[in-house]
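Colleague: Residues or ranges marked as Ca(2+) binding site in Swiss-Prot: GLU45, GLY50. Here Swiss-Prot flags HIS67, HIS383 as Fe(II)-heme a binding site. The Cu cation binding site annotation in Swiss-Prot covers HIS246, HIS295, HIS296. Summarising the annotation, Swiss-Prot assigns O2 binding site to TYR250. Summarising the annotation, Swiss-Prot assigns Mg(2+) binding site to HIS373, ASP374 and lists similarity to another entry as the type of evidence. The heme a3 binding site annotation in Swiss-Prot covers HIS381. Here Swiss-Prot flags LYS324 as N6-myristoyl lysine. Among the features that Swiss-Prot reports, topological domain 'Mitochondrial matrix' is placed at 1-20, 94-102, 177-188, 269-274, 333-340, 406-411, 480-557. The topological domain 'Mitochondrial intermembrane' annotation in Swiss-Prot covers 46-59, 124-147, 221-233, 364-375, 437-454 and rests on experimental evidence. What Swiss-Prot records for 21-45, 60-93, 103-123, 148-176, 189-220, 234-268, 275-300, 304-332, 341-363, 376-405, 412-436, 455-479 is transmembrane segment.
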Amino acid sequence: MSSISIWTERWFLSTNAKDIGVLYLIFALFSGLLGTAFSVLIRMELSGPGVQYIADNQLYNAIITAHAILMIFFMVMPALIGGFGNFLLPLLVGGPDMAFPRLNNISFWLLPPSLLLLVFSACIEGGAGTGWTIYPPLSGVQSHSGPSVDLAIFALHLSGVSSLLGSINFITTIVNMRTPGIRLHKLALFGWAVVITAVLLLLSLPVLAGAITMLLTDRNFNTSFFETAGGGDPILFQHLFWFFGHPEVYILIIPGFGIISTTISAYSNKSVFGYIGMVYAMMSIGILGFIVWSHHMYTVGLDVDTRAYFTAATLIIAVPTGIKIFSWLATCYGGSIRLTPSMLFALGFVFMFTIGGLSGVVLANASLDIAFHDTYYVVAHFHYVLSMGAVFAMFSGWYHWVPKILGLNYNMVLSKAQFWLLFIGVNLTFFPQHFLGLQGMPRRISDYPDAFSGWNLISSFGSIVSVVASWLFLYIVYIQLVQGEYAGRYPWSIPQFYTDSLRALLNRSYPSLEWSISSPPKPHSFVSLPLQSSSFFLSFFRLSSYGEQKEISGRQN
């Protein structure tokens, strides 16, 4: 068998969860770079009043649509759920692979054609200038007569099918493939985050599929679901879309919660504070996420009682979110904190997610949101939660687990520099947008009065700093692959804290199962079923011995 056919079979016909996870991460990196390029175009256009680079407002809106859909469906979800989820979940539960390995492969390979459809949609005719929300009548056939919106709908359908298949796989794996000793209440928090996310996807995506299919038939088959002339109602689309759209933002952030819990615990050198509380907080956030969707729609003419209910329900979400924030702070408190790149990103996440949550409390109030709706205040709010929440969680997870994924260490100094560059860049970009929103600058408009030019210039400068940080990240990955030194099984262990006691040594060494196997893991991770004892968190399996642990920790020193 030739090396080319072996390579093709490994990467194109793979049924190995670890290889598929790596494919997801590569795909997310590519999509993220594409989405970042679109975001820089937006910020360059807004760097000054009047026309800068993009004379056509339709093109500007098409860029905004492409940026949003790329970042949400093709960057954050494939990285956090597809990438880290696939690679780590079988290791965390002690299983050999995912429950349905071939289903896993098809759920990845649906994404590249979906991405192509989205890119075609942006390039054909004037592009889909609807925003990611694709509201009718703007997305209707009168306003967008070409095939752009249809292609965007097909792209969403394909990525939705991919996510649904992945969700079924994750739920089945967690329920059926846990090794003896890992009860649900001993599962790593990242495992809980993935299964909660999978349930949310399973419940919300069919609603989106129904809404965009109805829009497709309105556009092409003369139905009138959202056409007032035929007895339809465009507000129905908003209800259907946001019934999916609000759980979607929790789908994006809950895996991040799991990663941050893992990394803060690892680099504070103590267990997560309030494990059970953390699990139930994530569950509560997931459930409450389904009953608050109309807070996106305060300005469409909802009844005053309806607005009062959605304000109250939205504010209640702050309670489980606050539990998580304070539990992370309590985990840090009294711990032996090491400011590794992963820990820096985790602390950055906590800081900026808190700021995003505070502006969310403001927007939850119907009376205030009447003023803030569709201004840059909203843009600042959700970018603090996503651009600095989900993305910082991705980097935290990457720097924590990449020695396990690649088996190579990375440059600590450069990766800390990347954190500070990105931290400064995103704050410079999005903090001024709060002020622009308070002054009433509307979203999705490519021109603005001269009075807004100062804060916009600072915001655009911040986006350039963020892009430099992204280039630095690519360079860090490059030198890791070319010059990286071998990483042991658990490169984050602290040898000076070891005692002569075997139990203490092993307790220190492996906070969860994935660190008990080689770096990078073999295609079939566990030769025999690992056993998790109730007294300490460790897997015993063939080839594992005390001598090997001492040899590995000695090699790290």
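Cβ atoms are placed via backbone N, Cα and C, with glycine included.
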Colleague: Determine whether the transmembrane segment (103-123) and the transmembrane segment (376-405) share at least three Cβ pairs under 8 Å, counting only pairs 6 or more apart in sequence.
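Modeller: No, these stretches are not in contact.
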Colleague: Using a Cβ-Cβ cut-off of under 8 Å, list the residues of the same chain that are 6+ residues beyond the ends of the transmembrane segment (60-93) and lie near it.
Modeller: 17-18, 20-22, 24-25, 27-29, 31-32, 34-35, 38-39, 41-42, 45, 54, 104, 107-108, 111, 114-115, 118-119, 121-122, 126-132, 134, 148, 152, 155-156, 159, 163, 166, 170, 173-174, 177-179, 182, 187-188, 190-191, 194, 197-198, 248, 251-252, 255-256, 259, 386, 390-391, 393-394, 397, 401, 405, 444, 446, 512-514, 517, 521, 525
Colleague: Round to a whole number and give the Cα-to-Cα distance in Å for the pair GLU45 (Ca(2+) binding site) and HIS295 (Cu cation binding site).
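Modeller: Cα-Cα, rounded: 30 Å.
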Colleague: Please work out which recorded stretch in 21-45, 304-332, 341-363, 412-436 has the most C-beta pairs separated by under 8 angstroms from the transmembrane segment (234-268)?
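Modeller: It is 341-363 that shares the most Cβ pairs under 8 Å with the transmembrane segment (234-268).
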Colleague: Among all protein chains shown, how many Cβ atoms are found within 10 Å of the Cβ of LYS324 (N6-myristoyl lysine), not counting that one?
Modeller: 21
Colleague: Quick one: give me the count of other CB atoms within 10 A of the CB of HIS295 (Cu cation binding site).
Modeller: 22
Colleague: Answer with yes or no whether the transmembrane segment (21-45) touches the transmembrane segment (148-176) by the criterion of at least three Cβ pairs under 8 A, sequence separation 6 or more.
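Modeller: No, since the transmembrane segment (148-176) and the transmembrane segment (21-45) share fewer than 3 Cβ pairs closer than 8 Å, they do not count as touching.
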Colleague: Counting only residues 6+ apart in the same chain, whose Cβ is under 8 Å from the Cβ of HIS67 (Fe(II)-heme a binding site)?
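Modeller: Same-chain residues close to HIS67 (Fe(II)-heme a binding site) (Cβ under 8 Å, separated by 6 or more) are GLY35, PHE38, SER39, ILE42.
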Colleague: If you count the other Cβ atoms within 10 Å of each Cβ, which of the binding-site residues GLU45, ASP374 comes out on top?
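Modeller: Ranked by Cβ atoms within 10 Å, first place goes to GLU45.
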Colleague: Going through 189-220, 412-436, 455-479 one by one, which has the most CB pairs that fall under 8 Å from the transmembrane segment (21-45)?
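Modeller: Per the Cβ count, the answer is 455-479.
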Colleague: Using the CB centroid of HIS246, HIS295, HIS296 as the Cu cation site centre, which other residues of the same chain sit with their CB within 8 A?
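Modeller: Those within range, site residues removed, are TRP242, GLY245, VAL292, TRP293, SER294, MET297, PHE310, THR314.
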Colleague: Using a Cβ-Cβ cut-off under 8 angstroms and a sequence gap of six or more, which residues of the chain neighbour TYR250 (O2 binding site)?
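Modeller: THR197, LEU200, ILE285, GLY286, GLY289 - these are the non-local Cβ neighbours of TYR250 (O2 binding site), listed in sequence order.
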Colleague: With a Cβ cut-off under 8 Å, give me the same-chain residues at least six positions beyond the ends of the transmembrane segment (412-436) that come close to it.
Modeller: 43, 339-341, 344-345, 348, 352, 359, 375-377, 379-380, 383-384, 387-388, 392, 395, 399, 452, 455-456, 458-470, 472-473, 475-476, 479
